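Asks: Got a structure for you, written out below as structure tokens; questions coming shortly.
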Amino acid sequence: GGGGGGGGGGGAAPPPKQDELQPHPVKEQLPGVAYCITSPPPWPEAILLGFQHYLVMLGTTVLIPTSLVPQMGGGKEEKAKMIQTLLFVAGVNTLLQTLFGTRLPAVIGGSYTYMPTTISIILAGRYTDIVNPQEKFEKIMRGIQGALIVASTLQIVLGFSGLWRNVARFLSPLSAVPLVALSGFGLYEFGFPVLAKCIEIGLPEIILLLVFSQYIPHITRGERQVFDRFAVIFSVVIVWIYAHLLTVGGAYKNSGPKTQISCRTDRAGIIGASPW
């Protein structure tokens, strides 16, 4: 607050325009939040946090092609290519969003929202007569891409025309609660059945994530919030090493094929199938 400047100039003058762009101290924005849009973290921490975001979205990026590609007639190579494409496009979209969009610290990834409609395209009658799986995969993929282009055009028009801004004014914060809740409940359907396929690896991951993010910060009470901020990296690394030790140790040598695919760290076939 500048204070004092000049006698009686007719009350409160509007502040100069350039002041609006000055970053505010973090505490003024939201108490308890370490970094806001105008106060980004230092580069080393930003890179680590970005990698953690990547780990979080890798789940959906791998699960979506894993469930869709076999239904489309594709094999491991097509699955690897689809994952690579999703990762590349997610990277481009994230860069565009952080440079020109809302500039929120979010990674744009694949969405489960499109799964039912995509499956309806896969099961469409026009593709049932194609015998060659490679040809079937390519034709279905073109159909899905065309549908996504048409659907996204509507969103682009709504966004760039400013129509959505007028709608958003009438939405209260309360309207976001059911949306977020329903999105979360929808993901449980995908999360827990997959976790149950390999309970001895999935359950330790959830427990460790809770311990790192919720309990250790209360015990340490340090200034630097390392454990809760990087909870995903810590827990995923520990559980991956544990899963790999189980695989190498032969824990799944005599188990069924479904358990082997879910629990072993060398059965995905994605790395081997992807070309350089």
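Placed from the backbone N, Cα and C atoms, the Cβ positions cover glycine too.
Quick paste of what TrEMBL says about this protein:
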REGION    1-24  region 'Disordered'
COMPBIAS  1-12  compositional bias 'Gly residues'
TRANSMEM  51-70  transmembrane segment
TRANSMEM  82-100  transmembrane segment
TRANSMEM  106-125  transmembrane segment
TRANSMEM  146-164  transmembrane segment
TRANSMEM  170-191  transmembrane segment
TRANSMEM  198-217  transmembrane segment
TRANSMEM  229-252  transmembrane segment
Asks: Mind pulling out the one from 82-100, 106-125, 146-164, 229-252 with the most Cβ pairs under 8 angstroms to the transmembrane segment (170-191)?
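Replies: The stretch I would name here is 106-125.
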Asks: Among the recorded stretches 82-100, 106-125, 146-164, 229-252, which has the greatest number of Cβ pairs closer than 8 Å to the transmembrane segment (198-217)?
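Replies: The stretch I would name here is 229-252.
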Asks: Could you pull out which residues elsewhere in the chain have a CB under 8 Å from any CB of the transmembrane segment (146-164), counting only those six or more residues past its ends?
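Replies: For the transmembrane segment (146-164), the far contacts come to 114, 117, 121.
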